[in-house]
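Visitor: After the structure tokens below, expect a handful of questions from me.
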Amino acid sequence: MEMFTFLLTCIFLPLLRGHSLFTCEPITVPRCMKMAYNMTFFPNLMGHYDQSIAAVEMEHFLPLANLECSPNIETFLCKAFVPTCIEQIHVVPPCRKLCEKVYSDCKKLIDTFGIRWPEELECDRLQYCDETVPVTFDPHTEFLGPQKKTEQVQRDIGFWCPRHLKTSGGQGYKFLGIDQCAPPCPNMYFKSDELEFAKSFIGTVSIFCLCATLFTFLTFLIDVRRFRYPERPIIYYSVCYSIVSLMYFIGFLLGDSTACNKADEKLELGDTVVLGSQNKACTVLFMLLYFFTMAGTVWWVILTITWFLAAGRKWSCEAIEQKAVWFHAVAWGTPGFLTVMLLAMNKVEGDNISGVCFVGLYDLDASRYFVLLPLCLCVFVGLSLLLAGIISLNHVRQVIQHDGRNQEKLKKFMIRIGVFSGLYLVPLVTLLGCYVYEQVNRITWEITWVSDHCRQYHIPCPYQAKAKARPELALFMIKYLMTLIVGISAVFWVGSKKTCTEWAGFFKRNRKRDPISESRRVLQESCEFFLKHNSKVKHKKKHYKPSSHKLKVISKSMGTSTGATANHGTSAVAITSHDYLGQETLTEIQTSPETSMREVKADGASTPRLREQDCGEPASPAASISRLSGEQVDGKGQAGSVSESARSEGRISPKSDITDTGLAQSNNLQVPSSSEPSSLKGSTSLLVHPVSGVRKEQGGGCHSDT
């Protein structure tokens, strides 16, 4: 007998795991410590040999207890997992009647949560027990019958986070009001093919907007002095939206790698959206995107302020520029302050449609106070100042209505302001409409999503009377389009003929040759043109009258200063007055805009000196041929009158050296050096002096018209 007792002890002692041999023990499970009994016995019906194990297994049924699907659910669970122990080894299991009542009340929630009902707790296996252990029932349930049961199950119990969407503690995740829960990734509203189309669309629009805004900024760099206040904020505004476009393009390239967390099979976690500032890449994208989005809007408001100061308050450009420090402080300081606040509040959210990170994508309060409210405020202030400025400009236009030229310029300026403002305000107001529509319908969309996936995720399905509503993909595409296309309005302001001229000049300067050789080439081409022109006239004109008018063409090559002063001379070319210069010829010989006005004023004084130089040095080929043709027509007897005419004009003409020298030097074009240095950039000025020789029979003198 003693041997048998010893064997039983050896068999059952390892199973007791520290418990007293067949004795009751105090209840340590917190949820069951409020029961009418305080002692329990282990192992229980499910074979648990420790209260800690029983407490862990009991957690699978906690949704039923938390939702109170039955008034006796707590009593039944505690009696099943932590049974009652009376008088040492007398264990009281749950009764069959209690099991049937609880199971019938909670059957729908058991199916909803996918809870596996243990075989040991099947009501058929339990025994009917006496009334020594009271079973509490809800009197309303007994009175109302099955109607009350249906009402209890169908009441709205809120959102329960699915197991694969739960996150580890300490990250600050919150989804649909539930802590440590994250939205699913990819997007919870759209299918995979719709998401691919939306991402391609956003990437294409971002490239187009990036090119447009960069064109505006590069135009500013070509000629910085062109864009002064009040127009200067347009440049900063375009820079901001170029960064915004760049962020969306980077998000398009990255896909979901930054906006989503990868699934963890070990922890049974699925792909979820990044929430909070723990992800560094997502945080950087958020900071740049939100900061420059708000900064671009503030710079537009500052642009309307500068326009109002210039048009309404009649401030000068210099006066407005003095306030530039304050403009920069507000434009960069306000978005920076809002960005820091959002980082401190841990409001960073991944966007699994565009691939970037922003704010207010799942948090309605953050979207309302940090996106919608600032944009509405900027639109209101900017539109008010813009209307005030346009009214002031219209008043000025009425005052100067007698000045047609200035009135036309002012009218064009007002049209530019109106079109530019419309190109900015229409997309921005549309964007605000998208945000407002999303604010109103977001809750309905979320309830619909929970209702569609509750059985798949084994979570409670919401009870609702409203019709289901799902968002349209077109709404989100319009929102992204309006966000990006706002920056394109700056292209309209810089898009003018002057901008094309500046870009053409920029590329031309990059390919420009040596300025000195360039000026010489222009001079040589001009002289060759006159030489060819006069040779044609020589064959056509057989009769020459000495009284015919002549044009004295003086070509002066202006060099370019490249560290040392470059001096170039002048050459004189005589053309008969019969050789009429057409519009194209005048265009070719027209002086450059950089010609010094001092030479034009000193034209009368410099002409005699140039003529003396022309007579004292070898003549140009065109001049020699012109004079030679004149002598052949008039004969040797008229040479004296020509020389007398030359003396009356203040120059000395050689008699016999003209022909010889001209023929000898016909192949050499010599340009005498000018006494006045020039620093103009490769320009060639051609000064045309009409000289009329009116022959008088008696005096043989010459009358000159200059």
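All positions are counted from 1 along the displayed chain.
Glycine is treated like the rest: Cβ placed from N, Cα and C.
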Visitor: I'm curious whether E231 and F507 share a membrane side according to Swiss-Prot, where sharing means carrying the same topological domain name.
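Guide: In Swiss-Prot, E231 shares its side of the membrane with F507.
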Visitor: Going by Swiss-Prot, which one of C32, C69, C161, C181 is joined to C106 by a disulfide bond?
Guide: C69
Visitor: With C78 as one half of a disulfide in Swiss-Prot, pick the other half from C10, C24, C32, C129.
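Guide: Answer per the record: C32.
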Visitor: Under 8 Å for C-beta pairs, could you tell me which stretch among 202-222, 371-391, 474-494 has the largest tally with the transmembrane segment (285-305)?
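Guide: Out of the listed stretches, 371-391 contacts the transmembrane segment (285-305) most.
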Visitor: Would you call the transmembrane segment (474-494) and the transmembrane segment (325-345) in contact, using three or more Cβ pairs under 8 Å, pairs 6 or more apart in sequence?
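Guide: Between the transmembrane segment (325-345) and the transmembrane segment (474-494), which are separate recorded stretches, there is no contact, as judged by 3 or more close Cβ pairs.
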Visitor: Near the topological domain 'Extracellular' (438-473), which residues from the same chain, at least 6 beyond its ends, have a CB less than 8 A from one of its CBs?
Guide: 63, 67, 109, 112-114, 154-165, 176, 188-190, 194, 197-198, 364, 367-368, 372, 479
Visitor: Counting Cβ neighbours within 10 Å across all chains shown, tell me which of the disulfide-bonded residues C78, C85, C95 comes out on top.
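Guide: Neighbour-count leader: C78.
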Visitor: Which ones, of the disulfide-bonded residues C24, C32, C69, C78, C106, C123, have a Cα no more than 10 Å from the Cα of C95 (disulfide bond)?
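Guide: Qualifying among C24, C32, C69, C78, C106, C123: C123.
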Visitor: Rank aside, I only need the closest one: which of the disulfide-bonded residues C24, C106, C123, C129 has its C-alpha nearest to that of C32 (disulfide bond)?
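Guide: Of all the candidates listed, C24 is nearest in space.
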Visitor: Count the other Cβ atoms sitting within 10 Å of the Cβ of C99 (disulfide bond), across every protein chain shown.
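Guide: Summing over all protein chains shown, C99 (disulfide bond) has 22 other Cβ atoms within 10 Å.
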Visitor: Tell me the Cα distance separating C24 (disulfide bond) from C99 (disulfide bond), rounded to the nearest angstrom.
Guide: 24
Visitor: Rounded to the nearest Å, what's the C-alpha distance separating C123 (disulfide bond) and C106 (disulfide bond)? Just drop the number here, would you?
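Guide: C123 (disulfide bond) to C106 (disulfide bond), Cα-Cα distance: 14 Å.
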